[in-house]
Amino acid sequence: MEPVDEEKKVEEEVKGGELLFCGTTAWDAMGRRRTTLEENLVSPTRLRPLMGVDIRFVASGCVSCHCVALDVEGRCYTWGRNEKGQLGHGDKVQRDRPTIVSELSKYKVVRAGAGRSHSVVVTEDGLSLAFGWNKHGQLGSGSVKNEVEFSPVRCLVSEVKTAVCGGDFTVWLTSIEGSSILTAGLPQYGQLGHGSNNEYNTKDSSVKLAYEAQPRPRAIASLSEKTIVKVACGTNHTVAVDKNGHVYTWGFGGYGRLGHREQKDEWTPRCVDVFTRHNVLPPDAVVSAGSANSACTAGGGQLYMWGKIKNSGDDWMYPKPLMDLSGWHLRCMDSGNMHHFVGADSSCISWGHAQSGELGYGPNGQKSSAIPKKVDILEGMHVISVACGFAHSLVVVDRTNIADRLEQLEVHDGKAAEEAVVEVPDSGPAVAEKAPKKSSVKKSQNSKKRKNVESSSEDEENSEYDSDDSDEMLNGEAEHGRGAKSSGKGRGKNTGKSASGRKSNGRGRGRPPSQTKSSQSAEGKGSDRLILSHYDQSHVGFTQINDDDAVGQPRLSSLAGQH
């Protein structure tokens, strides 16, 4: 997710540019079914509502199906999926067009972050507001009484410099000495950094686990003597940098994404030994975190990455230099579900596993790339900001001297918001959200099975991905999650088994994992297509829909020295 910095260059703070978008526009289908060519923008495309608007910052998240953009006047635009109110417009209506959040009009918004189903913004005067799903306290409002907040509410933090979001948690950086970093939300894998996952049994006689929500932002005690200046969040892990250039990671440890040469979860910040002594991060370093990997630039601007880098091959259990980008000056970087975007020198570079055109290579280009590759249509443009979402990418480019080139780009209009009557109960938005009963979910799944056996496992994933009944399955995801980590040999390869059937080397939780009905039925289909479980999609962070589309092209020549 988009890293943030204590000090930004003045010209990039004040100056805005043109927002370009690539990837899928089928917000309701994202992560639930394969999108069609008509729904995907495979080349960087202008959005008509933002044409000519000076955008200076964009945000999305590696499991986000919505976008946030800020202009130089401090206006906040949101669009995309809105089933949990994550757009902040007071309703649940999907927006295909960037729309100003009217309730933020009295503030000048300067920073933003996007989680799975929530958004957080920071104002010029150090306030923070949030909206969307709040089941785990990720809005930081101090309460989980309202499971969903459809309009912005105040976060219980002050003197905020920036905020970023993981899947279901939020991290704030402040200028308060001794409390430079605060967290709130889901503590399931230790991603809040407070030394506990707040696990408990739902009933004395039950083995079903739950995780106590943390709705009040709390400073990380072990970092109280450090001044944290940069932070980035993956789905369930966090990467932070202090003013001395040391890197700390914590949270879910699968696939080596924490960089400690092992896969165990870390419940408190742990220093990454590669970035100590003579290899500390410079003040202008870039930090990024994807669903299953992490990245930063160190001495000489060299980019290091660790975790699950590709769909095939060994995982990188500790930070290693990505030699394809040696010699490039990286100004900004963001990581999505399994793809990356970089603004470097006068080029825009992308790579990773993609299905919906989110790499921006165009209709005649490849879908995925195992190594960094220039986005040719943006060559020569100065990139101001980038953001990556679940299956989409946002790039802001400086308009100086490129007006004629921008005119040649395609323009996407988007559909107008549905004029639907949305009932939002005054006292219990959570009740409206829980309309789909378990029986109806099962019935719909069964009908989908009858219609199409191959696509049904995707549909099951996605009913899990968003329905409220299945949101409660987060309580069981630790059982699946622990098992998703391999036995410590540095391989995170999917075996095609259900998540619950994998070997675990977690922190000694001895409860037998319980299989869900959907995973049992998925295993029984005998399909030759490799489709990962809901846990893999949202926590490990990649979805291989078809083996034919996997990253497997012949290696491209290195980008090093091409600038």
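These residue numbers are counts, starting from 1, taken along the chain as shown.
Backbone N, Cα and C atoms are what each Cβ position is placed from, and that goes for glycine too.
Marked as compositional bias 'Basic residues' by TrEMBL: 437-451.
The feature compositional bias 'Acidic residues' is assigned by TrEMBL to 456-474.
Per TrEMBL, the feature region 'Disordered' maps to 420-563.
The DSSP breakdown of the repeat 'RCC1' (74-125) into helical (H, G, I), extended (E, B) and coil residues amounts to 3 helix, 23 strand, 26 coil. Marked as repeat 'RCC1' by TrEMBL: 74-125 (among others).
Under the heading repeat 'RCC1', TrEMBL lists 126-176 (among others).
According to TrEMBL, the repeat 'RCC1' annotation covers 179-244 (among others).
Mapped onto DSSP classes, the repeat 'RCC1' (245-300) shows 8 helix, 19 strand, 29 coil. Annotated repeat 'RCC1' per TrEMBL: 245-300 (among others), in sequence order.
Per TrEMBL, the feature repeat 'RCC1' maps to 346-399 (among others).
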Tally of DSSP helical, extended and coil residues in the repeat 'RCC1' (126-176): 0 helix, 25 strand, 26 coil
Reported mean pLDDT - the repeat 'RCC1' (179-244): 95
Helix-strand-coil residue split for the repeat 'RCC1' (179-244), DSSP-based: 3 helix, 29 strand, 34 coil
